[in-house]
Amino acid sequence: MVLEHSHLHFFVRLTKLLFILVCLYFIVKLQSVWLPFLHVFIKIMTPFLIAAFITYLLHPVVEYVHKRGMPRALAILAIYALFFGGIGFAVYKGAPLFIAQLEDLNKSLPIFVRTYEQWTNYIHEETATWPYDVHQRIEAMMTEAESFISEAVTGAIIGVKQLINRIIIFFIIPFIAFYMLKDVELIKKAAWEWTPKKWRHKGMQFLRDVDQTLGGYIRGQLFVCFLIGTAAALSFWLIDMKYPLLLGMIVGVTNVIPYFGPIIGAIPAAIIAATVSVNKLLLTVGIVFLLQFIEGNILSPLIVGKSLHLHPLIIMFSLFVGGEIGGIIGLIVAVPIVAIAKATFVHIRSLKTN
């Protein structure tokens, strides 16, 4: 009897697995039908998702101010004035300088290309007498680096073009975020009522765990990136480096990628510095290494801490997978996705145990 029950249980699980595989097969085969609808859905939902992310970032600050006696609407307006006012002021002051540096960079591109060609020719000549396998490996690494940089630049250009094309839509985002912040309790109540009763408390605990894991990491990481980007821009300006604002922004943005971000962010600065002098190159690399030392040993432990509770090897593996699947965007979202997957796995295991 026990043996028959185990056979039946195995057959049920096998049937479920086959059903899932068949569904996945048809989903892949019919992607030409549903993919256009998915693209339209993503375009519609993008402003709401960005507004939800802003709400997620600002909600703890609103709650903190509200609990100190300020009405919620007034607290939202005050934080809005600081948040979007700061962004607006930075754009107003920084945009002309940023555009001017981009134009100057565009004019100087032939110089950078010639410098890069000189580097590659020098490395090729120096390693020509090395063992064949080593020489081929170096050539392959250089080709991979060229491909990665090319994809990153192409992706950045496409992203900027898409942002400009949809700039009117992005003006709506602050208004959506305002109403989300204002009615966040109503949204929570609606989500609670729509959730089946048997999942409510377990779902709430799961969301609390995800928020505790990711909330501090995301907010802290963004703040650290802002500090590192600002410090890099000021440092490049102090050593009379070309395009300090542009390079500082690159260092700050890429710093969101654990471990590999600083290396990616340092590449453009190193290439530009190399066209000036060896001393400038050494100074630039020294600044980047110093900033990463400060970030890794002081800022991140102090501000971000070990909120993710993930082993460095798991983080590195997730970055490789994310980069392979989604490029730069994949590198940025890989760690948060793994953190959510870990929280999901822990909850599923606890449910089975209980």
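Here the Cβ of each residue, glycine as well, is placed from N, Cα and C on the backbone.
Caution: TrEMBL annotation is automatic and unverified by curators.
Taken from TrEMBL, the feature transmembrane segment applies to 7-28, 40-62, 74-92, 163-181, 222-239, 245-274, 281-304, 310-341.
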Are there at least 3 C-beta pairs under 8 angstroms linking the transmembrane segment (222-239) and the transmembrane segment (310-341), leaving out pairs fewer than 6 apart in sequence?
no
Report yes or no: does the transmembrane segment (281-304) come within contact of the transmembrane segment (40-62), defined as 3 or more CB pairs under 8 Å with a sequence separation of 6 or more?
no
Which residues of the same chain, at least 6 past either end of the transmembrane segment (222-239), have a Cβ under 8 Å from a Cβ in it?
57, 245, 247-249, 251-253, 255-256, 265, 269, 280, 283-284, 287-288, 291, 294-295, 299-300, 303-304
